[in-house]
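Reviewing the structure listed below.
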Amino acid sequence: MEWRGIAASSGIAMGPAFLLKEEKVDVQRYEVNDIEQEVKRFEEKVKQSISELEAIQQKAKEKLGEKEAQIFAAHILVLQDPEYIGAVKEKIQTESINAEAALKEITDQFITIFESMDNEYMRERAADIRDVSSRVLKRLAGIEEKSLEDFNEPVVLVAHDLTPSDTAQLDRDKVAGFATNIGGRTSHSAIMARSMEIPAVVGLKNILEGVEALDYLIVDGIEGVVYKNPTSTMIEQYAIKKKAYEAELAELAKLKAEPSITKDGHRVEVVANIGNPNDAKVAVANGAEGIGLFRTEFLYMGRTDLPSEEEQFEAYKQVAEMFAKENPIVIRSLDIGGDKELPYLDLPKEMNPFLGYRAIRLCLDRTDIFKTQLRAILRASVYGNIKLMYPMIASLQELREANKILAEVKQELDQQNIPYNKEMEVGMMIEIPAAAVIADQLAKEVDFFSIGTNDLIQYTMAADRMNERVSYLYQPFNPAVLRLINMVIQAAHKEGKWAGMCGEMAGTIPAIPILLGMGLDEFSMSASSVLKARSLIRKLNAAEMKLVAEKVLQMETAEEIVQYVEQEVLEKIK
Amino acid sequence: MVEKVFTVKNPTGLHARPATLLVQKASSFPCEITIVKGDKQVNAKSIMGIMSLGVRQGDEIKVVVNGENEDEALQAIGEILESEHE
């Protein structure tokens, strides 16, 4: 059996399926005769659950740090809570009922209290309690959790969807690949999979329903196909394909220390997009010449409160120190809101989160959060070639407002005699069509632009990139999009500034010749695309690509453009 | 029995992390510790109790301690409530 989806992360993975599926326990209420035995059974399962949580806490501590592991300390305390656990035992005793029913009824009482509280953060704690109690319920029902540790070989994760924090916790040694029902090439799990170099196919629609635990799966992240229980001939063929893919990677690896330079000597930068210091390691290993986009929001996600200045400073400094002094590290200030929520900020739900209170809009309003981050970035700027970049700027006023706050923070640091790089470059993302249209004006007040194509395309085409029904409008090669991109690059150059691109498009093979021809100075992409992009750039001629770009800008459809580049450029250098 | 009123200084109030610290500290003492906010009172050794109070920064909290090492316990709990760190 096979499923076709979207190739989200390249490579081939084979292994037994591991299903991430919520098992529902159906709780029946019945009378028990031996009450003491029932209380004892309950106590034992609680004890077992606590030791499981302790093991998870230990692992989280090693992988994510002390602070992140503390949430599990709270979960353990819930199972040690005299009022909660005591109330369950009392209910078993006074009503002579089974532990499952007593646990469920007491848990529901507490959940009602938390859910009725006027604070979203507290309402969310109801989910924690549900999570902890369902662990005990499952143990009472005799369901034992399979852990990734129980497998001798890496597994293929199969899930409806993977949240960013799920993906961040994936252990690359234990997970060969993953396959999900929903998602697209630009969904966060796909982006994370690429940066972690785990082969992945997403948007498979109903794979979770069609696979059972331990079914043998092949995930073809190159073609976007997943096969269940393939024949031995197929496994052999795929083993060969996997080897060929790895050989190609080895060939590309030779370009790691080489410059990204065209045949006629035009040099550009090929850098990587990252979410955390771990990704930066992968970027270095893949020969990135720096970081073109450090998505700082991952420092803020999957936790219970804001990261401190010190914590952020350490993360930025750590990334800067992984690269040579001259390599650029572009740090994007907080881009939260939209599809990336922070429960602890208690933001109201919006009708159109992508058009709402997010990114720079939130930062200009919550200057406390913004200033803490700016201080951390400035302080880290003495450790490398750090540059600051604002997301989602829509107008000149917003840019000036952000720069005003930056100036205030600099002044504070001066007063405290805290060193920072006074020459730190400050740029902005171009991801709103309004910003692209006034790029000539904006270029006078920034040091650089970075074009964020994922959002620029969705806003230009007015098509939600997460909505599968309008995904046909997500067209990087649409003439309207290409013209906007060209406008932005030319506007930057006219003012003597540089222009980069940090969207998925910068790493897309047919886009590279066009962007090179338009004069793009910096290409930022998933680490896994860096060497492929460099290899292509080294085969191209910049003067010729200028003509290609000019020609393409006159074409009428995305199909025509892609076909032209494939036939006239890519075929010829094969 | 000893008691004292404290003002919560932690910017996040008594969310999961500070609540965890408070319960861990309270559980390390043999005495009975009760936290009172308005007309609600809960056992300081119960994380569910503490969190269900929904304490925010600036709230006034009365701590009542009864039993062995009560002075020491009152001081330790007060330090957590008045800590400005997250």
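Every residue gets a Cβ built from N, Cα and C, even glycine.
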- Note on the structure: For the phosphoenolpyruvate site that TrEMBL gives as A:Arg295, A:Asn454, A:Asp455, A:Arg465, the extra residue out of A:Arg267, A:Arg332, A:Arg400, A:Arg483 is A:Arg332
- Message: To see if you understand the setup: which same-chain residues, six or more apart in sequence, place their Cβ under 8 Å from that of A:Glu431 (Mg(2+) binding site)?
- Response: A:Pro391, A:Met392, A:Ile451, A:Gly452, A:Thr453, A:Asn454, A:Asp455, A:Leu456, A:Tyr459, A:Gly503
- In whole Å, note down how far the CA of A:Arg295 (phosphoenolpyruvate binding site) lies from the CA of A:Cys502 (active site, proton donor). 11
- Message: Applying a 10 Å Cβ distance cut-off over all chains shown, what neighbour count does A:Asn454 (phosphoenolpyruvate binding site) have?
- Response: 18
- For the domain 'PEP-utilising enzyme mobile' (A:151-224), give the DSSP counts of helix residues, strand residues and coil residues. 18 helix, 19 strand, 37 coil
- Just how spread out is the phosphoenolpyruvate site if you go by the largest Cα to Cα distance in Å among A:Arg295, A:Arg332, A:Asn454, A:Asp455, A:Arg465? 21
- How many other Cβ atoms are found within 10 Å of the Cβ atom of A:Cys502 (active site, proton donor), counting all protein chains shown? 29
